[in-house]
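What follows is a set of notes on a single structure, which appears directly below.
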Amino acid sequence: MDGTLLVGRSSFPYFALVAFEVGGIFRLLFLVLASPLAGLLYYFISESAGIRVLIFATFAGMKVSDIESVARAVLPKFYSSDLHPETWHVFSSCGKRCVLTANPRIMVEGFLKEYLGADMVIGTEISMYKGRATGFVNKPGILVGDNKAMALKKAFCSTSTPDIGLGDRKTDFPFMNLCKESYIVRPDPGVKPMSQDKLPKPIVFHDGRLVQKPSPLMALMIILWIPVGFLLACLRIAAGALLPMPLVYYAFWALGVRVKVKGNPPPPAKKSTDQTGVLFICSHRTLLDPIFLSTSLGRPIPAVTYSVSRLSEIISPIKTVRLSRDRVTDANMIKKMLEEGDLVICPEGTTCREPFLLRFSALFAELTDELVPVAMSNKMSMFHGTTARGWKGMDPFYFFMNPSPTYEVTFLNKLPYDLTCKAGKSSHDVANYIQRTIAATLSYECTNFTRKDKYKALAGNDGTVTTKPGLAAKKVMGC
């Protein structure tokens, strides 16, 4: 797989992703410390022995369910960004597709079958005990050399042989000799990975904290940066929470957080004229969207949210009320807040990292005609500030742990009267129009995916949050 189906010839980055996402910084450190031994064994002693070291350093003691979760939610994004274009051209043209790999099957099978249409995946089988990986492998061991050829024979039951075999190293020759035609994929530094828009199934949702594929050097940099980055994140969060909102923009700038503001935001509502507040309709990138909207305006804007951690409630500088998911209750609550002033809502209901907009809930369009779309986008170089599988309380910390995160807030024109519900448009028409307007501004694609679709894909549930009784609505970090 590495070097054949993928451009990169090293599997270390994918082991590092599993190590960090499941075991955290200390497991990643253990893997980095073990990597010189793995490299020495791989290149000078035995390819199989080197892979065994990586498997042990990564998997020993991990819950198998956690490994499967990372393989489903995290790895596909990184695998898909490294596909070899020429290999994919051959692979996709075949009627039946089988992948033989020395990588653990548990890591690669989900991506290969769901996104590349593989019919069969044969990989190294890891050893398990009471739901945890032991760090060792089952017989016949690592699938390299003769083991790979034997696995292919067993899979095809000696009744037929593959028409085409692709490999990239000498240890692939034994299984390639069993194929009617065999081709070597030679290493070429000039080959660029295939564009992801050519995949048969686009990757709309993915999880995990790391933005870049962690090579050994990048993994070491991440380990060294995390203590420094955490202190920097605490300082940035404290500045946002403690300083008056008009000063937050300048404090962020001094601390390396860039906020770019475009468009002409409306002035605050005047209570003396009985003017109701403006409802800002934002695309949803992280739970910090309302914070950066408030930073751009220089005044705190209340927000409504579905779920947020208690830690985020404590450190938030803006006032927000939780949605109950009861249509009548939520509508009355939003109307009441609009009578008090401006309000921000993210009608997607959950975040999306890729250039897609999820389906907009239409409830907001029924409650007011004072609608201002806001296109939110951000850039992070090291860590993602969102998660579906992990603890959301760390989301703001991971975002602010980036060396120089950037948020771009684009205020669009207020929705014309003739496009509102008051002028006869349906709430769904209004919601869809605003979704298309924001998508066009960001060069994103509109979808009909929802919160349930995201959490089903990434976490295996529908994203429903159980409200704790007696928990008063206070401050939250965003939607």
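Each residue, glycine too, has its Cβ placed from N, Cα and C.
Per Swiss-Prot, the features are:
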TRANSMEM  14-34  transmembrane segment
TRANSMEM  37-57  transmembrane segment
TRANSMEM  215-235  transmembrane segment
TRANSMEM  237-257  transmembrane segment
MOTIF     284-289  motif 'HXXXXD motif'
CARBOHYD  Asn448  N-linked glycosylation site
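Across the residues of the motif 'HXXXXD motif' (284-289), the predicted structure has a mean pLDDT of 95. For the motif 'HXXXXD motif' (284-289), DSSP puts the residue distribution at 1 helix, 0 strand, 5 coil. Around Asn448 (N-linked glycosylation site), taking its Cβ as the centre, 7 other Cβ atoms fall within 10 Å, counting all chains.
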